[in-house]
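What TrEMBL says about this one:
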- Asp156: active site, proton donor/acceptor (ACT_SITE)
- Asn11, Glu394: Mg(2+) binding site (BINDING)
- Lys18, His216, Leu217, Gly218, Asn219, Gly220, Asp290, Leu291, Arg292, Gly339, Ile340, Gly341, Glu342, Asn343: ATP binding site (BINDING)
- Arg100: substrate binding site (BINDING)
- His188: site 'Transition state stabilizer' (SITE)
- Arg249: site 'Transition state stabilizer' (SITE)
Amino acid sequence: MSASSKLLVLNAGSSSLKFKVFGVQPFAAGIGGMFDRIGDAINCTLKASAPADLDGGKGRKWEIKIPAKDHVEAMQRILDFIKGNVSSAFAREVVAVGHRVVHGLEISQPVLLTDKTIGKIREAAVLAPLHNPPGLQGIDAAEKVFKGVPQVAVFDTAFHQTMPSQAFMYGLPYELYEKHKIRRYGFHGTSHKYLVEQAAGMLGKPVSETNVITCHLGNGSSIAAIRGGLCIDTTMGMTPLEGLLMGTRCGDLDPAAVLFIQKQLNLSVQDTDTLLNKKSGLLGLTGSNDLRAVIEGAQRGEPRAELGLAMFVYRVQKYIGAYWAALGGKVDAVVFSAGIGENSSVIRGLVIGPLKGMGLELDVAANDATVGGRCGDIAAPTSRCRLLVIPTDEELCIAEQTLQVVGFQNLTGATAA
Ligand code: AMP
């Protein structure tokens, strides 16, 4: 362990690899970016940005077209890029790698990656065929490039493992749970965990005494009810499809509607999956998955945009109400985060405005001013609970959990391929 020791956080998608480097002592965020369109010989791009203190107070951004046929090659290119632009010794400086893994079944803590724990992630891929295989590719790539460096998986599902069975079970035959692990798991857990910890700090309370409703509203959206720092319910289910209306996902839906659509349109399982995950939500209703375009359309009076906007807002309100009840009305704060929650004062206003009867009141000026990565309390002094805007930082949370699992003493240093 030395002053130059680094921690690398990876978040692998099916054709992308996001990365962020952290200094370990002192713990601080460094260069980060994303390899996009892996496997596309023409459009494969590496984008990166370095914070100001890495580059003589200016900060720096890069966008480079470089082909990478798979995640291993992308990982090697990222390594070469950082060696060439930030630190020539980077390969030797990396002392641990933390991975975002979407589905961890009933694993409730981050785990050190071993053959056994990697086997568990493969097992979970049966329930998360879209999400876990890219995570495994990221793990494989890092293992090949950073040989012998400890690697940790941090699961999106882990934080929600404290949900009681009344919240996580479906009303299906019990054997489906026992034999096939069919239950609600919840996602965005790293973000919800980060948000309650930050909220506790802002409220001046211990996390273990903090009750919040955290709204992670982005292209994928979920809300969690958190009592005493522990999740008691969340809107996503066995997969990230359940709950709120999202960019391209339908959210809550009568399962009989799926059976009917499948039969009526003669769709395969794969086609149905694509319809519900990729062609529905705001995209399916309005033609755009970007809420900014939907808001603009609604402002122009376009009926479908008005409908999409109203549905998005209504479901958020409905779940805030449900979780208010789940928490017995003892709520310290409603927290807004992610692309929409952090940036759209319009959505926050539409969601909270009609909840005055529950005692929730916005400070309009604070709401308008708290955008673009700002953190703050946007509640009026008379509001029954605080309304907080907190920019989420999943990479930071993964980095902290990785360090906890590995422990400073065990950090060994890297031998890059
Ligand atoms: P995320 O998935 O957290 O990166 O959030 C991305 C989404 O945030 C985009 O698809 C946009 O719909 C949404 N978004 C970003 N800025 C705004 C804004 N000012 N108003 C409404 N939606 C926004």
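Using N, Cα and C of the backbone, Cβ positions are placed for all residues, glycine too.
The maximum pairwise C-alpha distance among Lys18, His216, Leu217, Gly218, Asn219, Gly220, Asp290, Leu291, Arg292, Gly339, Ile340, Gly341, Glu342, Asn343, the residues recorded as binding ATP, is 24 Å. Among the binding-site residues Lys18, Leu217, Asn219, Asp290, Glu394, residues whose Cβ is positioned under 6 Å from ligand 1 are identified as Asn219, Asp290.
Recorded residues Glu342 (ATP binding site) and Glu394 (Mg(2+) binding site) have their alpha carbons 14 Å apart, per Cα-Cα distance.
Neighbours of Arg249 (site 'Transition state stabilizer') among the binding-site residues Arg100, Leu217, Asn219, Asp290, defined as a Cα within 10 Å of its Cα, are Asn219.
Sorting the recorded positions Asp156, Asp290, Glu342, Glu394 by the number of other Cβ atoms within 10 Å puts Asp156 first. Distance between Cα atoms for Arg292 (ATP binding site) and the residue listed as 'substrate binding site': 28 Å, as a whole number.
Asn219 (ATP binding site) has a Cβ environment of 16 other Cβ atoms inside 10 Å. Checking each of the recorded positions Asn11, Arg100, His188 against Lys18 (ATP binding site) by C-alpha distance, the shortest gap belongs to Asn11.
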